[in-house]
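Peer 1: A single structure is presented below for examination.
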Amino acid sequence: MNSTFFSQVENHSIFCNFSENSQFLAFESDDCHLPLAMIFTLALAYGAVIILGVSGNLALIIIILKQKEMRNVTNILIVNLSFSDLLVAIMCLPFTFVYTLMDHWVFGEAMCKLNPFVQCVSITVSIFSLVLIAVERHQLIINPRGWRPSNRHAYVGIAVIWVLAVVSSLPFLIYQVLTDEPFQNVTLDAFKDKYVCFDKFPSDSHRLSYTTLLLMLQYFGPLCFIFICYFK
């Protein structure tokens with residue numbers, strides 16, 4: 001869901017107007033407005049991802065939950081994976097799309113904090129759901145007569161995943177701020193009473209430490225673990 005394409009487009013907009021230290025640089029209306037072709041492409045891309053994400057994941061969840069014979073460990077974890085993706089499609093993508101087009105945040109302080117928090121939680125849940133699926137597949141193939149996780153183990157694993165995801169995402173609730181700082185020195189009427197939403201950590205070292213932790217937690221650690229499971 002957090003594709004490089006979406007990130008690059010978003011960086012083209014409001015984030016081109018201030019540095020990493022949130023200091024206002026300059027507004028250039030010609031440079032910071034998205035071309036019409038890009039707006040159309042964005043609308044199609046976001047619309048397709050949202051529609052397919054909501055309908056596809058919702059259908060999968062309903063099918064598995066309605067048929068008791070499908071409630072095995074793998075499918076339980078897949079439901080958890082689909083639910084986390086559903087959260088992103090509903091709670092994150094629409095707001096990100098509007099924010100990218102408007103160059104300022106219009107959804108209030110609560111959503112400013114909640115949007116990145118939900119996104120981080122969902123990503124963490126998705127990745128660790130894939131890790132648990134890899135563990136279950138590993139045991140089934142490599143050691144079919146040995147220990148195998150039960151449905152109860154799957155539910156416990158899901159609970160642990162969500163707790164870990166929420167705890168690791170708390171800094172977004174704490175340090176994400178809604179501010180008019182980038183617009184304070186702007187005299188153009190179009191930018192009066194406008195706000196942006198971004199993280200404001202106590203220092204750059206705090207930001208670097210947290211992003212490094214997320215990189216290890218959400219990417220390198222799970223990737224190595226999954227690689228080991230499937231390599232064997």
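A Cβ is built for glycine as well, from the same backbone N, Cα and C atoms used for every other residue.
Per TrEMBL, the features are:
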- 56-232: domain 'G-protein coupled receptors family 1 profile' (DOMAIN)
- 37-65: transmembrane segment (TRANSMEM)
- 77-102: transmembrane segment (TRANSMEM)
- 114-135: transmembrane segment (TRANSMEM)
- 155-178: transmembrane segment (TRANSMEM)
- 208-231: transmembrane segment (TRANSMEM)
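Help me see these features in their spatial surroundings.
Peer 2: Beyond the transmembrane segment (77-102), the same-chain residues lying 6 or more positions past its ends with a Cβ under 8 Å from any Cβ of the stretch are 1, 6, 9-10, 13-14, 34, 39, 42-43, 46, 49-50, 53-54, 57-58, 60-61, 64-65, 111, 114-115, 118-119, 121-123, 125-126, 129-130, 132-133, 136, 154, 157-158, 161, 197.
If you look at the transmembrane segment (114-135), the same-chain residues 6 or more away from its ends with a CB under 8 A from one of its CBs are 1-2, 74, 77-78, 80-81, 83-85, 87-88, 91-92, 95-96, 107, 149, 154, 157-158, 161-162, 164-166, 168-170, 172-173, 176, 197, 199, 214, 217-219, 222, 225-226, 229-230.
If you look at the transmembrane segment (155-178), the same-chain residues 6 or more away from its ends with a CB under 8 A from one of its CBs are 76-77, 80, 105, 108-109, 112-114, 116-117, 120-122, 124-125, 128-129, 132, 149, 195-202, 210, 213-214, 217.
Using a Cβ-Cβ cut-off under 8 Å and counting only residues 6 or more beyond its ends in the same chain, the transmembrane segment (208-231) has close neighbours at 120, 123-124, 127-128, 130-131, 134-135, 137-138, 168, 171, 201.
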